[in-house]
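Peer 1: Sharing a structure below in structure tokens format, with a few things to ask.
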Amino acid sequence: MRTQWPSPAKLNLFLYITGQRADGYHTLQTLFQFLDYGDTISIELRDDGDIRLLTPVEGVEHEDNLIVRAARLLMKTAADSGRLSTGSGANISIDKRLPMGGGLGGGSSNAATVLVALNHLWQCGLSMDELAEMGLTLGADVPVFVRGHAAFAEGVGEIFTPVDPPEKWYLVAHPGVSIPTPVIFKDPELPRNTPKRSIETLLKCEFSNDCEVIARKRFREVDVVLSWLLEYAPSRLTGTGACVFAEFDTESEARQVLEQAPEWLNGFVARGVNLSPLHRAML
């Protein structure tokens, strides 16, 4: 029997770089919110202990794919603690809608969905805290997708506080380029000393993204798309890019702007949600 599981996108509603540690990692403050839009992961259980990804990603080796790594990590962790039945395996496929290198968290979301789904299907019984701890070894953003609630994150992105920002509508646009995160974080002109503020203060301020100035300067495509969106609504970069988003109070407003978009603009309309569609599907 095949089951389907949502793997939603996320937006960074704001992102501030507050410093850089001696080990090179940047400290930050950011606000994560999910979208009711994303990839769909299909899982069919096997009884031979094998993990097979039926929809490989071009340019990514099977064992390097975050989906496979997440499945194998859960398999080992559960087996080592005696919580995995002998022969547990899975065929996994993905209907991919989220772009790679877009700042929407696609790979991290995929890994989190696999952890949560296989924990349920294999009846491992691991807690969300245990799954989130495992997820952190796969990527800094994986835990927020595992926990499934909009969150304020700080530290190097590993300290989470659940929050409930307004659930607005967004027009999300992809400029057609992929921006590797290190390109932004290694840029010498990246702001690295934004003052730390409390959650309460940040939620009252106008939101912005410290990475945006670098993305716009280094990638003309980002600047062009963002300039167009800013003519219609408050707009900014998500994560380290490349995707940008415009914020609206209603779905109809967002769709009206999308209908006016030039042919070269690749975008979609989605609602921001504080409870992940993955966790909503499990209720």
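Including glycine, each Cβ sits where the backbone N, Cα and C put it.
Marked as active site by Swiss-Prot on the basis of sequence analysis: K10, D141. Positions annotated as ATP binding site by Swiss-Prot, on the basis of sequence analysis: P99, M100, G101, G102, G103, L104, G105, G106, G107, S108, S109.
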Peer 1: Judged by the number of other CB atoms within 10 angstroms, which among P99, G103, G105, G107 is the least packed of the binding-site residues?
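Peer 2: With the binding-site residues P99, G103, G105, G107, fewest surrounding Cβ atoms within 10 Å: P99.
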Peer 1: For S109 (ATP binding site) and D141 (active site), what Cα-Cα distance in Å is obtained after rounding to a whole number?
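Peer 2: So the alpha carbons of S109 (ATP binding site) and D141 (active site) sit roughly 8 Å from each other.
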Peer 1: Counting distance between Cα atoms, which of the recorded positions P99, G101, G105, G107, D141 is nearest K10 (active site)?
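Peer 2: The smallest Cα gap between K10 (active site) and any of the recorded positions is with G105.
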Peer 1: For the recorded ATP site, enumerate neighbouring residues of the same chain (Cβ within 8 Å of the Cβ centroid of P99, M100, G101, G102, G103, L104, G105, G106, G107, S108, S109, site residues themselves excluded), in sequence order.
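Peer 2: After dropping the recorded site residues, what remains is A9, L98.
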Peer 1: In whole Å, note down how far the CA of D141 (active site) lies from the CA of P99 (ATP binding site).
Peer 2: 16
Peer 1: Determine, using Cα-Cα distances only, which of these binding-site residues is closest to D141 (active site): G101, G103, G105, G107.
Peer 2: G105
Peer 1: Which chain-mates of G101 (ATP binding site) that are at least 6 residues away have a CB under 8 A from its CB, listed by sequence?
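Peer 2: In sequence order, V177, S178, I179, P180, A242 meet the Cβ cut-off.
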Peer 1: Taking every protein chain shown into account, which of the recorded positions K10, S109, D141 has the largest tally of Cβ atoms within 10 Å of its Cβ?
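Peer 2: Counting every other Cβ within 10 Å of each candidate, the maximum falls on S109.
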